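Novice: According to Swiss-Prot:
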- V18, G60, V61, G62, K63, T64, E65, D270, E335, R407: ATP binding site (BINDING)
Amino acid sequence: MEQLTPRETVRELDRYIVGQNQAKRAVAIALRNRYRRSLLPEGMQEEVLPKNILMIGPTGVGKTEIARRLAKLVRAPFLKVEATKFTEVGYVGRDVESIVRDLVEISLRMVKAEKMEEVEIQAAQAAEKRLEALLVPGKRQENNSSNPFQFLFNQGQEKEETVTPEIERDRTFIRERLHRGELDEQVIEVEVEDNQPLLPDFLGTGMEINTNLQDMMAGMLPKKRHKRKVTVREARRILTTEEAQKLIDHDEAVQEAIRRVEQEGMVFLDEIDKIAGRDGASGPDVSRGGVQRDILPIVEGSTINTKYGPVKTDHILFIAAGAFHVAKPSDLIPELQGRFPIRVELESLSIEDFQRILTEPQSSLIKQYSALLETEGIKVEFTENAIDELAKVAYEVNSNTENIGARRLHTIVERVLEELSFEASELPEDYTVTINREYIQHRLGNIVRNQDLSRYIL
């Protein structure tokens, strides 16, 4: 875990997210407390539990982005889920324990990627040797196996390879050509593992019992392989990945993945206000309280069985978020409310915020669109009054219709640049376009003035 101070964390988040200092401070403190906890004696570490955070604010103000950027910052296992996807145990749908199972899978992918980077040089060397053997195959001698069961798994005929001095000489010549990149575009045939499921998805996507059956069958039967025609460049990548997989210790990777989930895992529970049932609820609201009660043990700490082993959730940091337009945080069951002691209210965006969102972040909307059009040789320049006008229009449309926060800017900028994006490929090279207030008013004038139109178009 990176040892960032709360101030450094907020400064990093400022590069991507405008405003919302209270929310940034809350997550920065939660992150620093994790590092502080890691320095405590082992007995004390178990006692210090994370203080989960509840973010309250309208859509498009930065709730999800804060959590996502924070996880990237510390390279922690991070999972974003919508609370509305889950149903009470006994109903059709995903059960809440799949949160932990998915988090372990994400963590394992991260750990394996890191470990594969460590063995990249050895894997590349082994892949190069396999490439040479594919381009200059040795003499093969069939070795008929006496084991009848091997025929079931297409392994009845193992082939031994004999490398003669002539073949070795040819491979040396090919090796030099491979290093020079002369054969990168040549098409060859390679054997790759078949990633198709062994069983059809007869219970529906995401159903846990189906996933468990797939894993069980995968463990019983050997992996099927099939032949693919690819370029040497692509074959090198495929073979390097396969060789790296062989070099890493799978059990060690699993242990490290589980440790990271237990000690550094982060879960972002979005739309939590949608499962906050009102008193006397009926119909579709019936199972909402059940989902809350199912989430409760995971948030307060329990042991979940996964295919990689048991995972304790006591020290996973949960960040819940919701607009709470209809329901209130007090509509959540009291036990769940108590598990989110830190409440942060995110402010709605002002005109000044919109101006900053358009220009300040590292990958702001204006920079993105300018870079896209620059690929066609079109230089787009936005004047200051154009930025002011875009911010003003976004604020007005949000005020008069649904408030969707910063996402409104995507719709407006897309509308402003629609004609230019369409004609860009036909314009001459080094063409410069200046976007000013008049240009924006010309493109959006009638739509902004007519509320009925802006409801449907912006």
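From the backbone N, Cα and C atoms, a Cβ is placed for every residue, glycine too.
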Novice: Just to confirm: which same-chain residues, 6+ apart in sequence, have a Cβ under 8 Å from the Cβ of V18 (ATP binding site)?
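Specialist: Those within reach of V18 (ATP binding site), by Cβ under 8 Å and sequence separation of 6 or more, are G62, D353, R356, I357, E360, P361.
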Novice: With every protein chain in view, what's the tally of Cβ atoms within 10 Å of the Cβ of V61 (ATP binding site), excluding that atom itself?
Specialist: 27
Novice: Are there any residues at least 6 positions away along the chain from E65 (ATP binding site) with a Cβ closer than 8 Å to its Cβ? List them or say none.
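Specialist: The answer is Y16, I17.
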